[in-house]
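Down below is the structure, laid out as structure tokens.
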Amino acid sequence: MVKPNPFIIVESTRFSAFDPSKVKNIVWLKALISCNKFTTAFSNSSSMDSFPRSLNPNKHLREQFVSNLPGSSMLEVSALLNNVALLMLLRHTFCSQTVNDACRSLKSYLASVALDYVFLVLPTLLIFTVLAEWVYICLIGLLLLLVFFTAVKRTYSLPYMEGPNASRASISSYRVVMMFITCLCILAVDFRIYPREYAKTETYGASLMDLGVGSFVLMNAVTSRQARNIKSSMSWWKAAFKSTTPLLLLGFARLASTLSLDYQVHVGEYGVNWNFFFTLAGVSILTSILNVPAEYSGILGSVILVGYQSWLTNGLNVYLLSNERGTDVISRNKEGIFSLFGYWGMYLVGVQVSYYLFFENHTTKQRSKHETRIRICLLTIMFCATWLMLLGWWLKIYSY
């Protein structure tokens, strides 16, 4: 005798006469089917194709919205960042007196916050969204405005860049702008008004958000204890525990929140369970274990970057770009774990660059403003020449 299908029973009894006993059985059947679906969705929550099993019906669509993106050109990314830099210079050139008096009274502080919104927040938001197609025109316009205000004031030096704390003010401005752009891009990337070419690339290429994660690591390197040549009295494992505990707590909090809310997570970015907080914690642990002096950290960082790039070229990229994953932790989070080498190398290079630019040898005393400007110009010329050489080499190889 063939057993009846419970799904057919449920559908066929919809049009039958009202019977309380049948309705009770149907309710229990529907509850059992719902529990079975929930168990299946929870057990397969780590899969990339989570549309048929996820409790969030829009999860698959949102993951596809930020996937398979090619990125933009380095010229466009540079234009975007130069727009923000020009806005910062305009803010301090046009309203320098308010900057100097912001800490004296509540009224001056509120005026400074309002000017920051008008000169920095609102224009950056517009350039990154609705004015993205006119980014080069905006760059030329802001440059002309800066030249005009500078000629009117007949001075080039900015008040906030003078004095013994000029380097500290510049670093603080860089950190504030970097944090603001990061928050803006993270919040805007889920909306259609944000250009898709500014989101993170899928495999190869460059975009604004790709540059953002590297800039975040560089920002940590510039203000690190290693760059300031400050020796810690604690042992390396105590120092590592102290510096990584907040990052690990944030990483696990984000992991728990995304799993509990069934929030969309692009697995190809960091892996199934990995996130950027774990990456920052891993960089801090590696730096604490292998504590290299600041004047030599750039050499080690360059060796790590060259070795990691060679490893990628010789087959590691095939493994990282494949969709095959095992059950072990490394295989499930291969993108995030292997990216530690690249971020660590960047961090070490950033430590030596910061030490070279802002601090004297074997002391925390900051360099003079004139010497710092000369060193920044020399490093800029060197980086531009290196970039042009690498670009020419890349075009020569891939043009055939």
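Including glycine, each Cβ sits where the backbone N, Cα and C put it.
Just so you know, TrEMBL annotations never went through curation; they're auto-generated.
Record note: among 15-34, 235-254, 235-254 is the stretch given as transmembrane segment by TrEMBL. When Cβ-Cβ distances under 8 Å to the transmembrane segment (109-128) are tallied for each of 134-152, 173-194, 206-223, 299-320, 340-358, the top count falls to 173-194. Annotation: stretch 340-358 has the most Cβ pairs under 8 Å to the transmembrane segment (206-223), among 173-194, 274-292, 299-320, 340-358. The transmembrane segment (274-292) makes no contact with the transmembrane segment (173-194): fewer than 3 of their CB pairs lie within 8 A, with pairs spaced 6 or more apart in sequence.
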